[in-house]
Amino acid sequence: MLNYVIKRLLGLIPTLFIVSVLVFLFVHMLPGDPARLIAGPEADAQVIELVRQQLGLDQPLYHQFWHYISNAVQGDFGLSMVSRRPVADEIARRFMPTLWLTITSMVWAVIFGMAAGIIAAVWRNRWPDRLSMTIAVSGISFPAFALGMLLIQVFSVELGWLPTVGADSWQHYILPSLTLGAAVAAVMARFTRASFVDVLSEDYMRTARAKGVSETWVVLKHGLRNAMIPVVTMMGLQFGFLLGGSIVVEKVFNWPGLGRLLVDSVEMRDYPVIQAEILLFSLEFILINLVVDVLYAAINPAIRYK
């Protein structure tokens, strides 16, 4: 297992390099001139050219790429073109609000989704199953931005129960986490149901029932452990999706996180911030997949990696 983990970690190097190259080319193909956006609409050509020189945009593309890669290897992603603050500081300041929003969304989505999936599997083809799957399909079908606007209109504007923007208290997390986690809960419910339906028909489940074990204990002890193997994969992928896919939700709720920072950076063509954020999201996905593989072996000792 240790050798497998080390090999996967070493595999990060070429993967991140390829991502770095693609991101660099992508951001430089975006329409618009960062120097003109930063200088302002009333700036003349001389001022814009001066800004370009200050930002290093007057250098050849290959020179900019070498400067970017050589500094990134040392953990230096440069300065933000807009705020002139270190990119690492900008990301660090926005990371925790996004992380806590992701964790909050993931916790309730996993609890609700797995509970709904187990109930639907145990009472298959009956009204609990139909109700759970109807709610799940609705959760998947409803766009995040539309759900967010609906929740704001009902609970903030009409009822005045919850705040709309900010991240200062636990109340601020309720609406964004519900919006962000709705689709994940729906996916978890459907995936858990499918996995549990397969497990409930296995021989060891019938054997446990024949021995007089209560149905609740059969489901929780024998069914849950074996059904969790494919579900853990989905949990890992969904957690990565939440970390990198909170852009729309953060924009709707004006959340001070990485998603909104990325949107603002794209609008202003802030190349260093865009490159650093996408690299960070890529690293998160790779590490989450590695953790999922390790959890595989922890849940099912029969699984071994070489």
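Placed from the backbone N, Cα and C atoms, the Cβ positions cover glycine too.
If you check Swiss-Prot, you get these features:
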type	residues	note
DOMAIN	95-292	domain 'ABC transmembrane type-1'
TOPO_DOM	1-8	topological domain 'Cytoplasmic'
TOPO_DOM	30-102	topological domain 'Periplasmic'
TOPO_DOM	124-134	topological domain 'Cytoplasmic'
TOPO_DOM	156-168	topological domain 'Periplasmic'
TOPO_DOM	190-228	topological domain 'Cytoplasmic'
TOPO_DOM	250-277	topological domain 'Periplasmic'
TOPO_DOM	299-306	topological domain 'Cytoplasmic'
TRANSMEM	9-29	transmembrane segment
TRANSMEM	103-123	transmembrane segment
TRANSMEM	135-155	transmembrane segment
TRANSMEM	169-189	transmembrane segment
TRANSMEM	229-249	transmembrane segment
TRANSMEM	278-298	transmembrane segment
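Only residues 6 or more beyond the boundaries of the topological domain 'Cytoplasmic' (190-228), in the same chain, are considered here, and those with a CB under 8 A from a CB of the stretch are 113-114, 116-118, 120-122, 124, 129, 132-133, 136, 140, 234, 299-300.
Confidence for the topological domain 'Cytoplasmic' (1-8), expressed as mean pLDDT, is 72. Counted over residue pairs 6 or more apart, the CB atoms of the transmembrane segment (135-155) and the transmembrane segment (9-29) come under 8 Å in fewer than three pairs, which marks the two as apart. Take the transmembrane segment (103-123) and the stretches 9-29, 229-249, 278-298: counting Cβ pairs under 8 Å, 229-249 has the most. Sequence-distant contacts of the topological domain 'Periplasmic' (250-277) (same chain, at least 6 residues past either end, Cβ-Cβ under 8 Å): 20, 23-24, 27-28, 30, 32-34, 37-38, 68, 72, 77-82, 87-88, 90-91, 94-95, 97-98, 101, 144-145, 148-149, 152, 164-167, 175-176, 179. With a cut-off of 8 Å between Cβ atoms, the residues of this chain six or more beyond the topological domain 'Periplasmic' (156-168) that come close are 97, 100-101, 174-175, 253-257. Counting residues 6+ beyond its ends, the topological domain 'Cytoplasmic' (124-134) has Cβ neighbours under 8 Å at 116-117, 189-190, 193, 197 in the same chain.
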